[in-house]
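Data block below; observations after.
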Amino acid sequence: MPASLFPLFIDLRDRRVLVVGGGAVARRKIDALLASGARVVVGAPTLEPGVAALVAEGRVEHIAGRFDPNWLNDAWLVVAATDNPIINRAVSTAAEARRVWANVVDDATLSSVQVPSRVERGPLQVAISSGGGAPMLARHLRERLETELDESLGDLAGLLDRERTRIRQRFPEIGARRRFFDALLAGPVPSHLRRGDTRAAQAAFDAALATEASPSRGSVALVGAGPGDPGLLTLRGLRVLNEADVILHDRLVSDEVLALARRDADRIELGKQVGGDHEATQARIHALLVEHARAGKRVVRLKGGDPFVFGRGGEELEVLHAHGIDFEVVPGITAAVACAAYAGVPLTHREHAQSVRFVTALGRDGTDPVDWPALARERQTLAFYMGVSGLTRLREQLIAHGRAPGTPFALVENGTRADQRVVTGTLDTLPEAAARHAVKAPALLILGEVAASAEALHWFGPEPLRLDSPAPRDSTMAEAA
């Protein structure tokens, strides 16, 4: 069974399905197939009483005897539910030759389809599959969902199914229809159904459907995606992503975070390359925000980290305000906070650091915006954003202005992600350590006495690297000079 399966719901009504085997396991499969409306044929020498009763009632056809590949003629699906591995393999082989989907109970390697664990609420079904690799985990998740998904969801799904035609007639445009559903599901209809008051739910639905649709007013949400781990995205951020019509996202927003967004939203990547014309790119971003919002779209501007920490979020809001466009801001966990935590580095410490500074080395028009004398003071933690390309200058300036050469650092590459690496050392060896280990963006530099904690307190990813650690075999020199 391949590691990645394509989920598919199949209409088996009045379609021939063969079940090979007549025991208790076959009975459970037959019951599920009958519930789906399939025309079930069971092939087995003998039948357990429950299956025999179904045959006697005329609900199931029985072919007596040992498996014959000809039983597969005209079948859409076959389920092998015997305790004989030789027969199960023969069923799988014959089905593959005839291009018939086959499910061999408890044997993913012989199955071309898997029957998932399911949670059913009326017409609503939630299916969970581990691809046959961890059925107990799938069963555990199903049990959790059984307790978390209210029974009234079936009534809600039934109501929406019955009213599909009216909804489409009332809101023929998909954007308006989506907004109607969002408002409906956030309104009183679900709560009426949870109380069992179907008449009140229908009345509330009719009222919502009859309400004159106001012209769609576009808006923009600036959302902080965090540094990469999708678990660090806020619940508010997740909800806004799932309401978006258009998502304008930074190049460094992780694929795992993007996978949580609404699948049918338009996605536009906004890449800023090192050495590129950032001002021209930012002007394009402003134009896209205004264009899509004026078209009545709900736009999410998805930024790595927090939109107001070196994310130019303030500039984007100023443009939106000037054009009279509604906006909101959903904060994210900024890289300094998250990367420090995942590297085992406390940004403040009673004994070592009474303050922390977030610093960017990228100034406007090539100027140096950094107050080096202030940064060289002791008993503070410095978190440098976007500084991988200027580590030599950073070392020279800090030491020249009085920072001790032996000040510890922790350089966190791909912080919070599965491929996170941490390089540690002291300020006097910073660019050499980064070059030896080919550190590349995105990377965050933490400088101060607290950075020494990374050696003992690391908990995520591999152990920290030092200047004398073995260098990667295929590394290229980092842009540390």
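Glycine residues also receive a Cβ, built from the backbone N, Cα and C atoms like all the rest.
Record note: TrEMBL gives GLY304, GLY305, ASP306, VAL309, THR334, ALA335, MET386, GLY415 as S-adenosyl-L-methionine-binding, and the candidate from PRO188, PRO190, PRO227 in that site is PRO227. In the domain 'Sirohaem synthase dimerisation' (152-209), helix, strand and coil residues by DSSP number 49 helix, 0 strand, 9 coil. Residues within less than 8 Å, Cβ to Cβ, of VAL25 (NAD(+) binding site) and separated from it by at least 6 positions along the same chain comprise ALA81, ASP83, VAL105. Residues ALA24, VAL25, PRO45, THR46 make up the record's NAD(+) site, and a Cβ search at 8 Å around their centroid adds GLY21, GLY22, GLY23, ALA26, ALA44, LEU47, GLU48, VAL51, ALA81, THR82 from the same chain. Apart from PRO227, GLY304, GLY305, ASP306, VAL309, THR334, ALA335, MET386, GLY415, the S-adenosyl-L-methionine site neighbourhood in this chain, defined by C-beta within 8 angstroms of the site C-beta centre, holds GLY226, PHE310, GLY311, GLY332, ILE333, ALA336, ALA338, CYS339, TYR385, LEU444. Summarising the environment of PRO227 (S-adenosyl-L-methionine binding site), the number of other Cβ atoms within 10 Å of its Cβ, over all protein chains shown, is 30.
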